[in-house]
């Protein structure tokens, strides 16, 4: 959508940029693969088979994980900003502007798949360097790679800053979010480098590795185990009506990255839509000029139909511009509401409450849930973008209806006729609704038996005055046929309004009960919730943490007991044996040091390291 040199003329008029962003995307795969190979070489394989290449590779070239999409709660905003740096390329793929190969129409899906893999591979170093445990090397590589992207983007903006739609600094309008994200990544990698250098020089203690049980998860379990809950303070209006912060809950990095990328993509989509509007507006202005010249040629009076067409064009342009803001605010509110719904739904699943889910989703397929967590982030962004466009169109149509029904009659001095028609319409609807309310009142007053108790809120569902009731049904039967026509049309109208208004909401289905599985977006949301529920449930994680800690303590006690028996039975220990015992105790108490220990063949230390690695992994 926002592209490269192939579309530079379209965005910048006659400007010719020497920087081809699409070509740079292809060439960026070279340093990206180099960084991946370096980090893979440093990463040791935790599980390996006894093969011939084990001695040659020494368990090198492990699999690099760019981001844990399930259980990562640290560096959440860094990962979110890294996702934001990919916004321009994501929008480029969204507009299907990536066409490196000339293939038939049926093979376009494979081309888009290749494009998505290429974009992911070109931005892989951002995430890999943030998540790598080799901070000194990864920070240097990540800083260098981010600096390359930053400099190339700056050069592209400097050479062609202006355009023919937005006008001055059009390219800046498109690329400033990516520049801001890249600048943040540069600062983040510089901070990691300084901290890693201080640890390497011994000026600062090395931080512990990622804990199995996060602090907020432990606090959540402690909150559940308290016999007396804390006394709740008076909540503010914002906490009661909009959102209340929970100190014992954290959104995973996947949700933060999805929301950040959705915000930036929504901004870029709105800007692109405005550019398209400017192009269409200029075409309509040219058509309007031709229309005016045609009207002038007809004795300068024109015909009512041509004047109405001109008026429709002007009103449509004004309404479209005015509705940009409410459509944007609607989608922005949806993004915040999605976070609130995620917290509400996941906490209900933690508590074992599935009543808010349709019955068919109480036991979802495991394979579909695993695929759903991979689909969710991308689908959520696409739903927000398409939802904005649909909501914008719907609000524009509503604006046109209001303008033609209320505003134009006043401008054309037809206010009395408009009020007369509005009054007749309101009176007609009021009479219809009044007759429906009257039917309910008659049924409650004459055709139901009295209350059985004084505390009952309503009468029991037991018929009374059956003869009058049958006559009542007979004579209203023919009237309700006509009334049902209006009810059917109102049902269709309300379904269209709610369906278009909530199409961007992936956390709820817009289909009727029993057809929820046909809503693929809602299915992805439910599958994602179940994966997070099964892998990040604080109670389950705390239970596993207790098991692992207890297992390690039992292994340590068995080792100490075995050592004490050998000490009491054998001769006096030598200094070397005492040193090795202290080394063993230190490594058991600090498992993160096991991977950093150098092994020398022939001295028995390699076997000890392998045993300790097995113990630490178990």
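For all residues, glycine too, the Cβ spot is worked out from N, Cα and C.
Note that the structure is predicted; figures quoted are calculated from it, not measured.
TrEMBL lists transmembrane segment for one of the ranges 223-246, 295-318, 319-342, namely 319-342.
Your range for transmembrane segment, going by TrEMBL and the list 349-373, 424-448, is 424-448. Here the transmembrane segment (424-448) lies next to the transmembrane segment (476-504) in space: the count of CB pairs under 8 Å, restricted to residues six or more apart, reaches at least 3.
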